[in-house]
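Engineer: OK, Swiss-Prot features for this one:
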BINDING   14, 46, 78, 92  substrate binding site
BINDING   14, 15, 22, 93, 94, 95, 103, 128, 129, 130, 131, 132, 133, 134  ATP binding site
SITE      22  site 'Transition state stabilizer'
C-alpha cells in the first residue's frame, strides 16, 4: 500500500473541453483540500476533439484563480497517476442518476486497484447539472452558441478545431 495524503484530491477527466460544470466542481472542491490536481487524461479510445496539451492549457486558464489547483496531463492508468501524485481522494462529479451506474462501477474498480484511495462524489450546482463536454462539442459542431456553458477561450478553441 502506498502512502497517500487525504488532503490531496485528484479530479480526473478527459475535459474535452472543460466546461462551466467542471469549473464549478473544482471551485467548490478547492477549499476542502490542501491541493486539487485536475488530471487531464489522454483518453485515445474516446477520440478527443482537442489535443491533450490544448486541453491542459484551457483547463489551466480556466482554473488559474485557485492557488491550490494544478492541472496535469497524463497518459497512464488513473490508479498509477493517483499514486504518482500521492493523492488520497479521487473526486468525481455526479450530474444525474444516469451518471451513477457508470461512476459506481468505476469507483468499485478503483477501490480494487487503489484501496488506499477514497472516491468522493460531488453534485454540480443546479445551473450546471445538464452540461456535459459531449453536448458542448455537439452544439459547437453544429454552429450553436456554447458561451453559456464554457469559458471564452474554450469557445474559441472549439470554433477553431471543429
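Sequential numbering from 1, following the chain as shown.
Cβ coordinates come from backbone N, Cα and C, glycine included.
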Engineer: Counting across all protein chains present, how many other Cβ atoms fall within 10 Å of the Cβ of residue 78 (substrate binding site)?
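Structural biologist: I count 19 other Cβ atoms within 10 Å of it.
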Engineer: To the nearest whole angstrom, state the Cα distance for the pair residue 129 (ATP binding site) and residue 92 (substrate binding site).
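Structural biologist: Here the two Cα atoms are 14 Å apart.
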Engineer: Determine the C-alpha span of the ATP site listed in the record, that is the greatest distance between any two of 14, 15, 22, 93, 94, 95, 103, 128, 129, 130, 131, 132, 133, 134, in Å to the nearest whole number.
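Structural biologist: Answer in Å: the longest Cα-Cα distance is 18.
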Engineer: Where does residue 94 (ATP binding site) sit by DSSP, helix, strand or coil?
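Structural biologist: In three-state terms, residue 94 (ATP binding site) counts as coil.
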Engineer: Can you give me the Cα-Cα distance between residue 131 (ATP binding site) and residue 92 (substrate binding site) in Å, rounded to a whole number?
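Structural biologist: Here the two Cα atoms lie 15 Å apart.
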Engineer: Have a look around residue 22 (ATP binding site) and count the other CB atoms within 10 A of its CB, chains all included.
Structural biologist: 24
